[in-house]
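According to TrEMBL, the features are:
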ACT_SITE  GLU229  active site
BINDING   CYS100, HIS228, HIS232, HIS238, MET246  Zn(2+) 2 binding site
BINDING   ASP164  Ca(2+) 2 binding site
BINDING   HIS174, ASP176, HIS189, HIS199  Zn(2+) 1 binding site
BINDING   ASP181, GLY182, ASP201, GLU204  Ca(2+) 3 binding site
BINDING   GLU204  Ca(2+) 1 binding site
BINDING   ASP342  Ca(2+) 4 binding site
BINDING   ALA387  Ca(2+) 5 binding site
DOMAIN    112-279  domain 'Peptidase metallopeptidase'
MOD_RES   TYR371  phosphotyrosine
SIGNAL    1-18  signal peptide
Amino acid sequence: MLPIILIFLSSVSLFTFCDVSTKQINEISVEKAAQYLSNYGYMKEIISLTLPNVPSSEVILRHNSVTISDALKKFQKFAGLKPTGKLDAATMEKMQQKRCGRPDVIALRQKGKYKWEKSDLTYSIESLTSELSESEVRDALKKAFDTWSAVTRITLNEISEKADITIAFARRMHNDPWPFDGEGGILAHATLPSSGILHFDSDEKWVYMNSDAISRYDTTDVLQVAIHEIGHVLGLEHSADSDSIMLPFYRDTVDNRGNYITPKLSASDVRNIQYLYGINDKETNQRGQTTTTTITTTITTTTTTTRRQQEYGSNFGTDSSNDDNDFNSDKKIDINCPDEVDGIITTDGSNYLFSGNKVYEFDRSGVKKEYLLKNLFPNGPPFVQGALSNSRTDKTLLFHGKMVFVYNLEKSTKKFVLQPNYPKKLPTALNFKPMGAFLWHEGSQILINCLN
């Protein structure tokens, strides 16, 4: 087996909650703080040069006090804390708060890539949880989808199969690259467009708008989690706006009197989703208040969102056009190369460039065709952090997280076919996060990192 060296930044959203007021705050070591800051994009992981046949134990994560201090200030500002640059009590408390597992700072900004190419979307529910009735799950998801579709030009309807967005309750390892961890910790995860994956952890104690159960702090409101994760499914990243549903840190959905607080979108949430998909023609604005209308599906509901003026962070950006073109393998597109590149391969005389959820076939004259990644590489990752094609084995490798997807190109049909038993996890001893890949001397496969 050829040696592999690697590192990665996950595109999947992993959402968790807790009530920190009842949780004991423990001391956090500098090393654990550095790992936390690295995991969520606030500081670089500096990896020692790793070459073929070098033991993985020689791969070292290095940091210094200056780097950590700067990263702490970034984290503290994002979390609404005083930016001291020190690992103080408030910072340790915030770091121990359950939260979304998706990074707050995106190292390689995928600007303008993550939006659906159509406005009429469908979703299906593949499995349920014993914690909630079927009607509660359907009602919660309907209400969560309606929360977004009420303010933007998107419709979302439930169908039985072959939906754009698949929703499931699952445990531990469950046929995707992102295993759950049992009760507590990770509650759910979702991918950016257009892979359409939304999974909830079945081991959690789920409730639906049950203020009595939520007040005990040992249950989780599925509606709050669903609205946040659907924001990711539609293309939104995290926000530092304390009112935003896309804030990575959980807030209870009951007040201090035990009354239920319905999760709502902030003004910045509304503005950002409308930037992606436009304004819902049925939306009515009255003195800063948005009254939403519902979509006709199996369950109907109406929500009201109060809008407050607050700007979204300047790092957010995307293409605001509403182009409904369907990119497929037999359609020639007159389009320039994208601004950002996730990987490039050459196989069977053709060049392919990966950018977000799309792949561009190109030659010296420019882009020949544009594909959706999921169409060209079926059953593959939502996007890649590294890609390489090995002429010795005639295999193409795509890296996403700690997973590798291996494809063969069928030359007669020009289709990439996922090999049996893939994707596979990379060796656990390689504690890296891959952000790039290339071939080394004598066919060795090198994975590299370039966080921040």
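Backbone N, Cα and C define each Cβ position, glycine as well.
HIS238 (Zn(2+) 2 binding site) falls outside any helix or strand according to DSSP and counts as coil.
When Cα-Cα distances from ASP201 (Ca(2+) 3 binding site) are compared across the recorded positions HIS174, HIS238, TYR371, ALA387, the shortest belongs to HIS174. GLU229 (active site) is 8 Å away from MET246 (Zn(2+) 2 binding site) when you measure Cα to Cα. Close to the recorded Ca(2+) 3 site, the chain also has ARG171, PHE180, GLU183, GLY184, GLY185, ILE186, LEU187, SER202, ASP203: residues not among ASP181, GLY182, ASP201, GLU204 whose Cβ is within 8 Å of the site's Cβ mean position. The average pLDDT for the domain 'Peptidase metallopeptidase' (112-279) in the predicted structure is 91.
Between ASP176 (Zn(2+) 1 binding site) and GLU229 (active site), the C-alpha separation comes to 17 Å. On the backbone, the CA of HIS189 (Zn(2+) 1 binding site) and the CA of HIS232 (Zn(2+) 2 binding site) stand 9 Å apart. According to its DSSP assignment, GLY182 (Ca(2+) 3 binding site) is coil. Spatial neighbours are here defined as Cα atoms within 10 angstroms of one another, and by that definition the neighbours of ALA387 (Ca(2+) 5 binding site) among the binding-site residues ASP181, HIS199, HIS232, HIS238, ASP342 are ASP342. Straight-line distance linking the Cα atoms of GLY182 (Ca(2+) 3 binding site) and HIS174 (Zn(2+) 1 binding site), rounded to a whole number, equals 12 Å. Annotation note: MET246 (Zn(2+) 2 binding site) sits in a coil segment as assigned by DSSP. The residue listed as 'phosphotyrosine' sits 15 Å from ASP342 (Ca(2+) 4 binding site), counting Cα to Cα. Each residue contributes its Cα atom, and for HIS199 (Zn(2+) 1 binding site) and HIS228 (Zn(2+) 2 binding site) those atoms are 12 Å apart. Using Cα positions, the member of the recorded positions HIS174, ASP181, GLU204, GLU229, ASP342 nearest to CYS100 (Zn(2+) 2 binding site) is identified as GLU229.
Counting in whole angstrom, GLU204 (Ca(2+) 3 binding site) lies 17 from HIS228 (Zn(2+) 2 binding site) by their C-alpha atoms.
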